[in-house]
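See structure below.
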Amino acid sequence: MTTTQLNSPQMSDTSLSSAEEKQGSLSAIKLQLEAQLHAQLQAQLQAQLQEWLGPKGVTFSGETFIVPETHDMVKTLFDPTLHKSNFELIILACLFANLVVFAIPLNQVRTLVFIGLYVFWRLSYNFGIGYLLQQQSLHNRLVDWAKEGKLFDEKNKLFWAQFVQHEVKSQRGKDYAINSLPIEFNTWLVFRKFVDLILMSDFITFCCVVYTCAVENASDFTNHWLVWSRVLTGIGLILFNLWVKVNAHNTIKDYAWYWGDFFFRQINNEELIFDGVFEMVPHPMYSVGYVGYYGFALIAKSYTVLAIAIFGHFLQMIFLHYIENPHIDKIYGPSKNEINLIKILKLKDLKSFDNMPPLVGLYNFNWMRSSDLLNLLLVATYAVILPLFSQSTTQYFALTVTTKLIESFGISTLLVLQSYSKYFTKWCLSNDIPVEKSLNNWAVMYNTLINLTYSSLFGLNLMYFLRGSADLLYHDLLYLRIFIGTLLIFTQTWINASIIDLIGYFGWFYGDFFIPKSQSFANHLTKAGVYRYLNNPEQIFGVCGVMGVFIIWPTFENLTCCVLWVLSNFIRINFIEKWHMIRLYGEQEVNQDSGVTKTFKKHLIPEVIQRKISGDEPLRRRPSSPSLADSLDTFIKELTNSKTKLSQQKLVELSQNLSFANSNYKLTIEGLKYNDLKTAKFATLGSPLKVIWQSPLATHSSKDWIGLYRIINTTYSRNRTILSSAGRWTYCPDANGSYVFARNKLFWEEGVYEFRYHLDGKHDVAYISEPFELKHESVSVPLHDDEVEVFALALKEKIFDRLLDIESTTVPIAQVATSQTDNVLATYQLLSSVISTSTKVQISSKIFLKSDQITILDVARKLYDINKVLDELSYDLSIKKDE
């Protein structure tokens, strides 16, 4: 190359242009990095500022504010360093006034007085606090009363207004400006004192009842091992109760402790908290939060205290059911789309049971079902008739044990054979029984054997009770035994009902053993409800009712039955069901730590040992790191909550915790229909679906896209889609627009589906449409030859036109299929599948391969011929034949 060529103007311009491009690229990268760093610093500053100022609250009228720090009940009342308000002084006076009762000389009278006081305060809890909270939840009544009475208006000089304002200022300090915070917060402050009065008085009067009853039974406190075991057990229950209360308060703080979400919402408390003791048991404040009461009863050795504890605990559960739970469902419950999805899945759950709820025990009994009548006769025979007429209790005990052994060995053996070799399914198919029917047949057999075992156990105890010939292993504490035994029986019933509600009849009857995973409705094990706290709740609580029977009637026979039930249940769950679930869902999902295990590790195992244990686990057992979906979810929430005022509609949606409810994105589907019950929407297979999208113009990207997905494959995340759309997607070039999904853009399988709006060519989800079901179009096969052409037109319109552009019913299908599709065999298989399901006449894809000249009219005539043969082979049992 010459010097002239090296120094040519063209080469110089090219080099200069290249350098400028590199410089521009570096500048763009620098600006991008600076923007990212600025955003990160801003987010950190906002987080630190929010932590310093306190949590952010929003009233139900849309006003936002910083929630000030408050103190718990015990610290407020009994910490001498804190200033006491007027209400707090009144509360302390009421508590110390209980000492006046001890001036009564007779201890029995003191006990009656304290019982009366406890009943008064306990009823005040239910009908005082409960009534006020219900009115506040439904009608915002307390806040309205405060507004109507102008209680927080500094211009109001009425006594009650001045008294309430002085009370609030005495709580928050003299410099507290009442109008600086919403009236909802001030009303909550006053309501807290009413709660403090009732709760503290309730507990103090109960302690006084315990003391007076313990004094009455002072002679029972002798130096004996049984006394010490009773006292130590009671102290253990009380200490556990104390830990539950402290842990619960540390987890949910004053906001939830004093029902703050009845008055306003905290931005960072938009979902229920499952941490600490809340991860260990459901509703710990109402369930295990009262075990200390039974500990007091043990220490006092008083049935009076036990009855009072049961009375208080029962009223607390009533409060939970009628006051707390409805508000929880209102604020934190599922969205409308989720409710519709649950309804659809529950209806789908009955598909394997002839679309009727199957018999569980004697629940769902149907007089028109022969298997139900048979179960009723067997239960009556084993539970009542045989015990009344049997002459030998020993023989009936042998019958009970034999029945349980047959049930245990038979059910377990069939489950093992089904798990490893699909024995039961193969038998059903060999006898021309569809796979869907196999689960129903199994359910009838399984439930019948279970009914036989429990009815025989009931009959055995009925026989001993009527004859009074049983030798009890323990005779004392009859009423305590009855209470504990009844509680265990009730617990087993409740646990079983909860399990069925969560996993459906499909899961209750081991549907995973009989129905292929691809046809089931969930690809993941549930971790909701009772399964949030225990991986296998039925392992203990599934047989605790039998333990309760033994406690009530402690005989050798009941002890033997109890051991049999526990061993059978343990073996079936741990050595059959668990291993099948591992093969089906994977070891990582099956062996996840339950809530109880997590709490146990957190509080009882040192952190060093925990790190050692987690370090020894295989990589596949370690939890995955947080995904970017959480960042997107937080981003959308921050956009919504950044305003100082929220619209009424957005506020309602926020209070109901609707997924994507506050998003500026929206998807609307045209072409859906309501089912007969008006409970869910559906479309027929192949019907075009028009999707209309709306997105904010400022943030819209031409790479935004919409995809169609099966819900059972995307339930793992509502904020990010990892599953491929398999071509069922389209770009959204404009901020607002529509697109018609048809043919290969649709799924051709029945199921529940949804559309997802994704951002900027990525898989971050901005909006999810309402769930809808795809169903097969029903096409009736004619009974007469002259209706075949009409039938062919129906096939063309409802099936063929949705896959191929065929001009008429006499055009060869192969001619069109080969020119319009890339995979002819797949098209033929899809056509045969849809036709078979829609007409309920099974045909094979080979029908299209036998001749290249076959037309839609030929297919219609073939279906007519098959149906005619099947109709001739069948007959109507309701029509009597001529003899």
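Backbone N, Cα and C define each Cβ position, glycine as well.
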Would Swiss-Prot have H249 on the same side of the membrane as F424?
yes
Swiss-Prot lists transmembrane segment for one of the ranges 397-417, 502-522; which is that range?
397-417
May I ask you to check whether the transmembrane segment (280-300) and the transmembrane segment (194-214) make contact, with contact taken as at least three Cβ pairs under 8 Å and only pairs 6 or more apart in sequence counted?
yes
The transmembrane segment (303-323) vs the transmembrane segment (194-214): 3 or more CB pairs under 8 Å:
yes
Which range out of 112-132, 194-214, 442-462, 470-490 gives the transmembrane segment (540-560) the most CB pairs under 8 Å?
470-490
Could you check whether the transmembrane segment (86-106) packs against the transmembrane segment (470-490) - three or more CB pairs closer than 8 Å, residues at least 6 apart in sequence?
no
Tell me, what is the mean pLDDT of the topological domain 'Cytoplasmic' (107-111)?
92
